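Below is one structure, written out as structure tokens; comments come after it.
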């Protein structure tokens, strides 16, 4: 393979390259480094391809300019077109093919930041030209325009070293994790228009601190053509979306969150990409980033194309992209979207529309290997960054380590729990006793994976109704049901995720084209009280380690009564690491008050109320114990030697502990 000097057709040129944040100093690329970089890229082992692929401002032979490099294995010719040459195909801007595996490169002097450009790629036969944005561009035009924009990864003064050091040393399994999922374009707006990353930081950080969430999860922030895709059908995997600003704007937001002890997760989509003609689709007129076989490449259900996860150069593209967000933007983890679509060859396909693997099964062996390698890389190089799988099936070993034969994710969304419990709370309480298993079944498999309990954006859109509107009954019953559901969720083992707007009971579904209905908090007392309830519940969660310190250990949870279907009541104990930290949850899913309700308790002593979802301050009717003390008796009940009798609020949760 040619070295970097041959790549420029210069024997003695001095190459300096300013890439990423290197304290503002130029870095000289040696012959060995350049050879290693391209070899690893072509082998599917490169984890920082963005440092040499794409467009980089460098000095070559004492001339300042931009080095363009791309991968296009079947192209017969590639021109760089842009503002600087009137978008014309000129021979002097024809890229040089530097190896037979499809690496193309060209240095153009005297280019400045802000110049728009594309690659004009002629196909293998030379009879068709496609105009493509740069897959590795750091900036793209604001939609509907589609060109890439020359920009530098400028130095940024981070102030989150303490946060990152703590992240690397401490895991999250035995820590609180209460995630606020949000879409940056519709959380809040300014005069109906998008806010910048910096403007968002001024209000979001204070709101998250006020509400007591530990993490935020951003829906995708890479460039995407269609607002309605929410970022999940991407084009510019390395471009921070121009809707809200630039790279340093996003870094400012993340830095401020970290300095206020708030973690940042990012939704990431290595499964599929959009078919817009300026993007990755048929990059050189033939399958490049997608599978060669059309049935495997085409994702008809989503109108997208699936990445070829077995192709080395595509793997380098995606591995590098994952590390780009972790290294350059300090994100604390990636929530990997649509994992089921990756794992199954027959996902979304009917009989006859797919072919089995070499073992006659439906598992995508290339995707399985890709995910294992991805998680291994992040565990090794991510300095404590985590990965979360959005996976909706019963595939085994999602969060089991790669060494033990698993995929190696840190956490998995518990879609089963979400589907079961949401279908239950929509039922009239008269019929709930016939579906009691929907609320207790999750504990049958709870310790098979490390789960996050998600109420995500997908559940409050496209006719599914807002979370408050999923609740049964009139307005009072809906808000009581919401408080009950949220407290049951907080008591259930597993980390938590709640989508924006649910925390104040927004009635309308989420709409990506407008901000949340913040005005209702001021206009209607029940919305204000609902927000205060979530704030208090989050605080209660943070202050009680029994709710998170043993999420993934069986000794952290014990049923008091899992089978009271007739009265639709669930009662259980959450236990902390020191075993003395115990909280008793009694959840009543009917609108009836239960007087002198008997439950078994683990020890003889005095029990006091520490949380009640029916408090007047939260919009309830006030069926609370207050300062009353309940003395346990030696009368056994169920599997316990002792018992107490309590008043359980309607559509409410009562939480007790030993005084």
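Keep in mind that glycine also has a Cβ here, set from the backbone N, Cα and C atoms.
Quick look at what Swiss-Prot annotates:
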type     : residues : note
REGION   : 1-26     : region 'Disordered'
ACT_SITE : 337      : active site, nucleophile
ACT_SITE : 390      : active site, proton donor
For this session: Can you grab the distance from the residue listed as 'active site, proton donor' over to residue 337 (active site, nucleophile)? Cα atoms, rounded to a whole Å.
Result: 5
Exercise. When DSSP states are folded down to helix, strand and coil, where does the residue listed as 'active site, nucleophile' land?
Worked result: coil
Exercise. So what sits near residue 337 (active site, nucleophile) in its own chain, CB-to-CB under 8 Å and at least six residues off in sequence?
Worked result: 220, 232, 267, 268, 269, 271, 390
Exercise. When a 10 Å sphere is centred on the Cβ of residue 390 (active site, proton donor), how many other Cβ atoms does it contain?
Worked result: 21
